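Colleague: What follows is a structure written as structure tokens; I'll ask about it next.
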Amino acid sequence: MEGGPEAASKEEFSEFWKRATSSPYVMRLALSAGIGGLLFGYDTGVISGALLYIREDFEEVDKKLWLQETIVSMAVAGAIIGAAIGGWMNDKLGRKVSIMGADIVFFLGAIVMAIAPVPWVLVLGRILVGFGVGIASMTSPLYISEASPAAIRGALVCINGLLITFGQFLSYLINLAFTTTPGTWRWMLGVAGLPAIVQFVLMMTLPESPRWLYDQGKENESRAILEKIYSADEIEEEMRTMKEAVEQERQQEGLIGQTLGEKMKAAFSNVAVRRGLYAGVAAQVTQQFVGINTVMYYSPTIVQFAGIASKSTALALSLVTSGLNAVGSILSMLCIDKYGRRKLMLLSLIAIIICLLALTGVFYQAANTAPPVDNIDTLSFGANSTCKAYLDAPDVSSWNCMKCLKAECAFCASTGGNHLPGACLMETKEVRGVCGAQKRVWFSDGCPSKIGVFAVLVLGLYILAYSPGMGTVPWVLNSEIYPLRFRGICGGIAAVSNWCANLVVSLTFLTLIHALGAAGTFLLFAGFSTIGLISIYFLVPETKGLQFEEVEKLLQKGFNPCPCTGGAGSPTKAADEEKAAAVSEASSSK
């Protein structure tokens, strides 16, 4: 069965705004902690634009796809380590200290990236930044959720998601601002340290999570914080709920032990925790395998795949996609506590699959309509400038721009227009300069196409489909689905799963594009998204409006996702009565 209220009223929908305006402290807490999401978003977005200019400064990076993928994905590798350690830090040091530690590491990584003299130092800086992002990515939502009233918990945790998208939007603004500045990518990456400083200072003025404090035996401090968050008639109920949860946790600790190994064993032997992990990990892995971070990490490159060669234009269009991502996050804040987590994710995935299939069609058509290679024009540049694979080919009459790029060469568009036959040339700085001197456009990542604008439009729709559902809900779900005694370790497992999936996707994207083409790659992601849709349908229950303890009881009992058998999501009276009974049982057990 599926827990939670059967429908959201208008009063419930407006609860967030009422609480936020009557208690500004709650918003201050959520916004300050949510800067961890901004760090996440900024790092995700900034590397996509910076990579275009890093390739210009380091020729070996420009020539090696694996090195480009390494620079992008090493932040993800660092995040995996950070997320794994973050679970331990959250339990032992507290949520506040963990966030401040993440800020310090992130700041150091930003400085290392900005001064990097060679690519391997840049990679080291990316690992440090990723380490900080990994800790913050799991700690910020957890901190917000534990200090939020249950009625608006989803909306407040969505602030973290909103700031992720704002960070991405900000990164593209910064990228555009520094496109003509000496040092370009060094400024782009170095500025990332400023939000970390801001959050560190703000967190010094905020308290620790009230639930963590209560667990440490600091009841008076916990109550003092709750008095700033809850109305007077809710405090005693919240204190009683925490007391029962902590007492139960301590009883369990005597049985499960204190070491990491003992806690892991106990977690996987507990049916409620195990089901929570199935749901949480499925949501986190699916979030990455829909391909979103390839869009965010490589969006300017994808725009160039669509045939738009100008770096500044590619960055400007990427700014539009990140802006749509922010709009989607606002929609998520408005809808998550009204319509629920499960429904938003399922609808989001259906729309994502449609958009990925549309992108597949657009890029397939763009590849088939790429302008042909003009033999006379190509040879006029001289043998030392002509693509070697083209010179060695037995039949060049079938060559077009796309075949030229697959041969690791570049296309110099015709002076009469980008869509006319052009020259297939060696991809070097010198030859690029010769092409530019003739007032012609140089294409090395994608071919000019009359339908390239449609790729950008569908990309925008894809972002709008992703952001309100799969963009924010997996983090909300993982901040509330685990029992308190396992919240740190299970949150760490889910975050590590997210970052491992992120690493696989970001480390292979350019290679997949080279091997399968843009159309084949997006079709592959559509297949992964379909698997994710099925997984979430069968594994993820609804947690909307439930207290943490009620979520545990829901998982303990289990749920049936199939409407045809009167289970979760069924419109039948029996299903509604089953939902109400679960909530009633959870409430009466307090």
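Every residue, even glycine, has its Cβ placed from backbone N, Cα and C.
Residues annotated as domain 'Major facilitator superfamily (MFS) profile' in TrEMBL: 29-544. Residues annotated as transmembrane segment in TrEMBL: 29-54, 66-85, 97-117, 123-144, 156-178, 184-206, 344-364, 451-477, 489-513, 519-540.
For each listed feature, how buried is it and what is near it?
Modeller: Outside the transmembrane segment (29-54), and at least 6 residues removed from its termini, the chain residues within Cβ reach (under 8 Å) are 61, 68, 71-72, 75, 99, 102-103, 106, 122, 126, 129-130, 132-133, 136-137, 139-141, 143-144, 147-148, 156-157, 159-172, 174-176, 179, 184-185, 188-189, 191-192, 195-196, 198-199, 202-203, 206, 229, 293, 296-301, 311, 314-315, 318, 322.
Below 8 angstroms of C-beta separation, residues 43, 47, 51, 54-55, 60, 102, 105, 109, 119, 122-123, 126-138, 297-298, 492, 495-496, 498-500, 502-503, 506-511 of the same chain, each at least six residues beyond the ends of the transmembrane segment (66-85), sit close to that stretch.
Here the transmembrane segment (97-117) has Cβ contacts under 8 Å with residues 33, 36, 39, 78, 82, 86, 89-90, 124-136, 139-140, 143, 186-187, 189-193, 196-197, 199-200, 203-204, 208 of the same chain, all six or more residues outside its ends.
Non-local neighbours of the transmembrane segment (123-144) in the same chain are 29-30, 33-37, 39-40, 43, 47, 70-72, 74-87, 89-90, 95-96, 98-99, 101-114, 116, 156-157, 159-160, 189, 192, 196, 209, 475-476, 478-479, 487-488, 491-492, 494-495, 498-499; each lies 6+ residues outside the stretch with a CB under 8 Å from one of its CB atoms.
Remote same-chain residues near the transmembrane segment (184-206) are listed as 28-29, 32-33, 35-36, 38-39, 42-43, 46-47, 49-51, 53-54, 57, 96, 99-100, 102-104, 106-107, 110-111, 113-116, 125, 129, 132, 167, 171, 174-175, 178 (criterion: CB distance under 8 Å, separation of at least six residues from the stretch ends).
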Colleague: If I count Cβ-Cβ pairs under 8 A between the transmembrane segment (451-477) and each of 344-364, 489-513, 519-540, which range comes out on top?
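Modeller: The stretch with the most contacts is 344-364.
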Colleague: Over the span of the domain 'Major facilitator superfamily (MFS) profile' (29-544), how high is the average pLDDT in this prediction?
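Modeller: A mean pLDDT of 83 is what the model gives the domain 'Major facilitator superfamily (MFS) profile' (29-544).
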Colleague: If we skip the immediate neighbours and take only residues 6+ beyond the ends of the transmembrane segment (489-513), which ones have a Cβ under 8 Å from one of its Cβ atoms?
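Modeller: Beyond its ends, the transmembrane segment (489-513) has Cβ neighbours at 65-66, 68-70, 72-73, 76-77, 79-80, 83-88, 90-91, 134, 137-138, 142, 260, 263-264, 267, 273, 276-277, 280-281, 283-285, 287-289, 291, 293-294, 297-298, 301, 305, 474, 478-479, 482, 520-521, 524.
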